[in-house]
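Participant: Dropping a structure here in structure tokens format, bear with me for questions.
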Amino acid sequence: MGKSLSHLPLHSNKEDGYDGVTSTDNMRNGLVSSEVHNEDGRNGDVSQFPYVEFTGRDSVTCPTCQGTGRIPRGQENQLVALIPYSDQRLRPRRTKLYVMASVFVCLLLSGLAVFFLFPRSIEVKYIGVKSAYVSYDAEKRTIYLNITNTLNITNNNYYSVEVENITAQVQFSKTVIGKARLNNITNIGPLDMKQIDYTVPTVIAEEMSYMYDFCTLLSIKVHNIVLMMQVTVTTAYFGHSEQISQERYQYVDCGRNTTYQLAQSEYLNVLQPQQ
């Protein structure tokens, strides 16, 4: 038996060896094909599911999470990157600085808005009588006086103010002898002042007809009478209306036409009412 075994052809062992090698190669090829098939299957799965979360040993580095990985070409619009909560880009630097700067800017803008839009006073100053033109009706013993007055209106605001109307009346001996009203006067710009003239026609007659003799008396050069000038100015801004009133006693010459120089104090002599 041993002899017969010793004379067995060697090529059979070689064939067996070749067969073993071939089978091993086939197995390797099968594994490679299986892996390729599995990769194709995974690629197909990825294409079917645009949002995929990779976990475990098969996971790859996220290209947008501080990594350097790559994704297959053509799948840029199919894959969704998962950014971890601990990613530093989710915690921007200088957040406190930006918040403080935003708060400071808001406070600054609010302060400026309050400063410029806060309503300030509108000053009305009665300057005096600018002119007085006199005419007479001898039959009715009536005196007609057209009195032109001057006002200075000052706007202390940082925005324009509209002067809606001026209402004026003149009293003599506690009797109203003339009224006037002017509408839609003018606009006064920010921190500006305008001088406005207005005329009040007055009539002295009836129970005060005795004044006709005084005003036409030739022996007197100056026929001054004391009149109380009342004026109310209505202004408007931002839909809000405000009224400013003034009362002044003023000398007016009823014996002739007179033009007053407002700079001269003698024509601005004012009698204050008794307290």
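Cβ atoms are placed via backbone N, Cα and C, with glycine included.
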Participant: Swiss-Prot tags one of 1-24, 25-48 as region 'Disordered' - which one?
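Facilitator: Region 'Disordered', as annotated by Swiss-Prot, spans 1-24.
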Participant: Nearest of the recorded positions to Asn146 (N-linked glycosylation site) by CA-CA distance, picking from Asn152, Asn184, Cys215, Asn257?
Facilitator: Asn257
Participant: What is the Cβ neighbour count of Cys254 (disulfide bond) at a 10 Å cut-off, with all protein chains included?
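Facilitator: Taking every protein chain into account, the count is 24.
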Participant: Near Asn152 (N-linked glycosylation site), which residues of its chain come within a Cβ-Cβ distance under 8 Å, counting only those 6 or more away in sequence?
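Facilitator: Correct list: Glu123, Val124, Lys125, Ile127, Met193, Lys194, Gln195, Ile196.
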Participant: Helix, strand or coil at Cys215 (disulfide bond), per DSSP?
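Facilitator: Its secondary structure by DSSP: helix.
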Participant: Looking at the recorded positions listed here (Asn165, Asn184, Cys215), whose Cα lies nearest to that of Asn257 (N-linked glycosylation site)?
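Facilitator: Nearest in space to Asn257 (N-linked glycosylation site), counting only the recorded positions, is Cys215.
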Participant: Any idea what the Cα distance is from Cys215 (disulfide bond) over to Asn184 (N-linked glycosylation site), rounded to a whole Å?
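Facilitator: Rounded to a whole number, the Cα-Cα distance is 36 Å.
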